Amino acid sequence: MAFNDLLQQVGGVGRFQQIQVTLVVLPLLLMASHNTLQNFTAAIPTHHCRPPADANLSQDGELEAWLPRDRQGQPESCLLFTVPQQGPPFPNGTEANSTGATEPCTNGWIYDNSTFPSTIVTEWDLVCSNRALRQLAQSLYMVGVLLGAMVFGYLADRLGRRKLLILNYLQTAVSGTCAAFAPNFPVYCTFRLLSGMSLAGIALNCMTLNVEWMPIHTRACVGTLTGYVYSLGQFLLAGMALAMPHWRHLQLAVSVPFFAFFIYSWFFIESARWYSSSGRLDLTLRALQRVAWINGKREEGTKLNMEVLRASLQKELTMDKGQASALELLRCPALRHLFLCLSMLWFATSFAYYGLVMDLQGFGVSIYLIQVILGAVDLPAKLVGFLVINSLGRRPAQMASLLLAGICILVNGVVPQDQFIVRTSLAVLGKGCLAASFNCIFLYTGELYPTVIRQTGMGMGSTMARVGSIMSPLVGMTAELYPSVPLFIYGAVPVAASAVTALLPETLGQPLPDTVQDMESRRRGKPRRQEQEQQKQMVPLQASARENVL
């Protein structure tokens, strides 16, 4: 009997698993909202300079006399005539407009509030010379996610999954609410960074806690369910943003529910697998018996005792606890191989994903509509990904999703700019493939790393994803050299990463590895017959360990 058999004994996928998985994934609805929140809270409405205070704007044509025109005949966003230019308008930038001296906006801006009554851009004038501050806010949020992935991934392996989830829910609720009441831009950025940290911890621990409580054959279902909840959150964001166009109201709406998540998270049951890998057998027994009681398997729970657990989990109890440090990811050859390969997959997926989804205004259609379209494409993409994950395996699903995403983006780079429908369709298809890749990489990473360092490995993978999301807007600046350069880079990286997937082992139908020694044994590739002879000398309840090695 191995740990998977213990789970089956106490109910398999019973009432406890159904309730806890549902409650753990529910906050992901709003995590999706936080990740792309600034598409709405930092939207840039049409704007132009405000004329001097002594200008008589009540007269016909007075406002237009102060505003230079661009080549399309629209008012310049960041320039103002030093004196009003009287006479007929010249939309092509000639005649009177060409002789009038201009200056930057010194009296503020006038914004078109018809679509976005209030955003951080309009409240703190993040336009023209301050335009880069808008991207800074999103970058600082991603820096927070990066820090959270490193810090909370490590702490979860030391303190447990449940404690970190409780802390992260509270931190998200408090920091998100404080951001909604931020009096100035620096304070807003500070609380957004703290929100990013806690949301990274939620993303990592919700997947791990669910996977470690589920039997082998249901792990892919849990991973897909998690991905679908995240996708539904994108629909929710579009509806909430449409109903609450004021940025402070929207920020508050996506943050306050985390107080409720914080309250009910106290009822979560800590991962028994983590307890056992930490050598806390008494807590392992208590958690399993509690789950058995909830699942209506009280008699099976009473059959469990310390002797049975010691025999079943001998490997976890005798392993070297010192090998669970983050440095082991580089020191141990088997873990180093996994770390380098998975880092490339995480980076490529996030790098290309945020290159596509963080510029909704660039699609030229309603920002609410494109948000719904990008959310809708996830549904069939993740369904196909789920079928491939369950039938062909994790490795083919990961490879295909990255390869197809990269091809779509690369093709988009050579499609003429005026082919709006084709370009948008390719972008949406590429985004769907990247969403499927994210869905797979969370599950795949959790199955590849051993229990003692699983959260640390997940945290380092998520860290590389955040590095990709931070670099993505920087690459977008290369559009000044040539409009398609960012697309070529966004497409080439996932194509290259898809080849790295071939270097990873398949995990379909295999038990979760528990120790670093399992990874070393797999790397050495011990002969099957020798391994079987060694297993015969071990207690029968350890038989499942052979599957981890082979």
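Just so you know, glycine gets a Cβ as well, placed from its N, Cα and C.
Predicted automatically and left uncurated, TrEMBL annotations should be read as such.
What TrEMBL records for 93-509 is domain 'Major facilitator superfamily (MFS) profile'.
Annotated region 'Disordered' per TrEMBL: 511-550, in sequence order.
According to TrEMBL, the transmembrane segment annotation covers 139-157 (among others).
A Cβ distance under 8 Å defines the sequence-distant neighbours of the transmembrane segment (164-182), meaning residues of its chain 6+ beyond its ends; these are 24, 27, 34, 148, 152, 155-156, 188, 191-192, 194-195, 197-199, 201-202, 205-206, 209, 248-249, 251-252, 254-259, 261-262, 265-266, 268. Residues or ranges marked as transmembrane segment by TrEMBL: 164-182 (among others).
If you look up TrEMBL, you'll see 194-213 (among others) marked as transmembrane segment.
Sequence-distant contacts of the transmembrane segment (225-244) (same chain, six or more residues past either end, CB-CB distance under 8 Å): 21, 25-26, 28-33, 36-37, 40, 206-207, 210, 250, 253-254, 368, 371-372, 374-376, 378-379, 382, 385, 435-436, 438-439, 442. Annotated transmembrane segment per TrEMBL: 225-244 (among others), in sequence order.
With a threshold of 8 Å between CB atoms, the same-chain residues lying at least 6 positions outside the transmembrane segment (250-269) that come near it are 16, 20, 23-24, 26-27, 30, 33-34, 37, 40-41, 162, 165-166, 169-170, 172-173, 175-177, 179-180, 195, 209, 213, 237, 240-241, 244, 287, 290-291. For 250-269 (among others), the entry in TrEMBL reads transmembrane segment.
What TrEMBL records for 338-356 (among others) is transmembrane segment. Residues 142, 329-330, 398, 402, 405-406, 409, 427, 430-431, 434-435, 437-438, 441, 444-445, 448-449, 457, 460-462, 464-469, 471-473, 475-476, 486, 490-491, 493-494, 496-497, 500-501, 503-504, 519 of the same chain sit 6 or more residues outside the transmembrane segment (338-356) yet have a Cβ under 8 Å from a Cβ within it.
Taken from TrEMBL, the feature transmembrane segment applies to 368-389 (among others). Sequence-distant contacts of the transmembrane segment (368-389) (same chain, at least 6 residues past either end, Cβ-Cβ under 8 Å): 36, 39, 220-221, 223-224, 227-228, 230-232, 234-235, 237-238, 241-242, 357, 360, 396-397, 400-401, 428-429, 431-433, 435-437, 439-440, 443, 508.
Long-range contacts of the transmembrane segment (139-157) within its own chain (CB-CB distance under 8 A, at least 6 residues past either end) are made by residues 38, 164, 168, 189, 192-201, 204-205, 208, 274, 324, 326, 354, 452-463, 465-467, 469-470, 473. Within the chain, the transmembrane segment (194-213) has long-range Cβ neighbours (under 8 A, six or more residues past its boundaries) at 7, 16-17, 20-21, 24-25, 27-28, 31, 34-35, 140-149, 151-153, 156, 161-162, 164-165, 167-169, 171-172, 175-176, 179, 219, 222-223, 226, 255, 268-269, 271-274, 291, 442-443, 446-447, 451, 454-455, 458-459, 462, 466, 512.
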